[in-house]
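Engineer: Got a structure here, written out as C-alpha cells. Questions coming.
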C-alpha cells in the first residue's frame, strides 16, 4: 500500500495499493478511452481484465518505470499537487541496497523536480508516532519485516534485523492452503487480491497454536464463511490462524529463519546490556501485518518465555499502527528542527544522488 498526504495531518489523504495494471486483452471498442496502464484503486477495480504488477518486492523497488507511475499518480491524481512546489519525505526499509536509495533520490529531483527531499527509516517513524524516543519497533508490512532498536532517538544499525517474510507471503500461503484443502483455485493476480481480503477480514493469531488446532478439529466454532465476488460462499476453518502462524513459525513457508518473536529477541540481545530493559518495556508493533487480532498477546507470551524471568515486558500495539509510519512522517516533516535536515535541490546538483547516504542516515 502507498500512503500519501500532507505534513501536519493526522492521517494520510490517499491510501492505495502499490500496483500497476496493464490490459491483458486487445481493446475492441473505439472511443472507450482505454489506457495502457492503471494505478492503485483503478487497477484494483479493473483487475479482472488486467495483469497486475507489483513494482516493490520485499521492500525493494525492482521496476522503476512502474514506481514512477505510482509516484506520478500520487502527486497528480491523489494529492493534486505540483511536486516542484513541495518538499517530499519518502520512507525506506532499513538494510535496503544503497542503489535503491540513490535512484529514489534521483527520480525525485530529476523527474519530479522537487525543491527538497528526505528519506526516513520506516520503523523510526513508527516510534515517533507512538510518542517515544526509546524502544524496539517490529515493523511488518507487505514485503518485509524488520526489528529496529532505537535508543534516545538513535537507531542502532548493528542490531537491526530483517526478515523477508511479510503480508504478501502470508497471502500466498493462504492461497496455497485454501487450494490444498478445498480445491478452490486462486491463481491469477486478481484472485490473489481476493485472498488478501479474506486474510485481512478473517485471520487471527492463536495464543496457543496446538490447542487452537485441537479446538478447530473437534468443533465448527472457529469456522467463518466468505462470499466470493461471483456469489459462491466458501468456509474457512483452521486456515484462519494457520496463515498468520507462519510469522511465528516460518518453517510453514519452508523458510529457515526465526519467527518474529525470536527476531525481536535477537535484535534486543544485539544491543548493549544496559539498554535492553528499556527495549523490552517498549516493544512497539507497526505495519499492516501486525493488525491480526491476538498478535500482541502472542508476542507478549513468546518474548516472556525467551527473556530473563524478572524482566518487565510490554508490547505496544497502537490501534492506528497500520498507518503509524505515515503518521510519524507527518510529525517529523512538520517539526521546525527538521527543516534543516532536508536535502535541497542545490545540494543534489552539487553532490549527485550519493548525498542521500550522508544526509539521511
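Along the chain as shown, residues are numbered 1 onward.
Including glycine, each Cβ sits where the backbone N, Cα and C put it.
For reference, Swiss-Prot lists these features for the protein:
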- 29: methionine (R)-sulfoxide (MOD_RES)
- 32: methionine (R)-sulfoxide (MOD_RES)
- 58: tele-methylhistidine (MOD_RES)
- 69: N6-methyllysine (MOD_RES)
Engineer: Which state, by DSSP, holds residue 69 (N6-methyllysine): helix, strand or coil?
Structural biologist: helix
Engineer: About how far apart, in whole Å, are the alpha carbons (Cα) of the residue listed as 'tele-methylhistidine' and the residue listed as 'N6-methyllysine'?
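Structural biologist: That comes out at 19 Å between the alpha carbons.
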Engineer: Determine the Cβ neighbour count for the residue listed as 'N6-methyllysine': the number of other Cβ atoms within 10 Å of its Cβ.
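Structural biologist: Result for the residue listed as 'N6-methyllysine': 17 other Cβ atoms within 10 Å.
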Engineer: Look up the residue listed as 'tele-methylhistidine' in the DSSP assignment and reduce it to helix, strand or coil.
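Structural biologist: DSSP call for the residue listed as 'tele-methylhistidine': coil, neither helix nor strand.
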Engineer: Applying a 10 Å Cβ distance cut-off over all chains shown, what neighbour count does residue 58 (tele-methylhistidine) have?
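Structural biologist: Cβ-Cβ neighbours of residue 58 (tele-methylhistidine) within 10 Å number 18.
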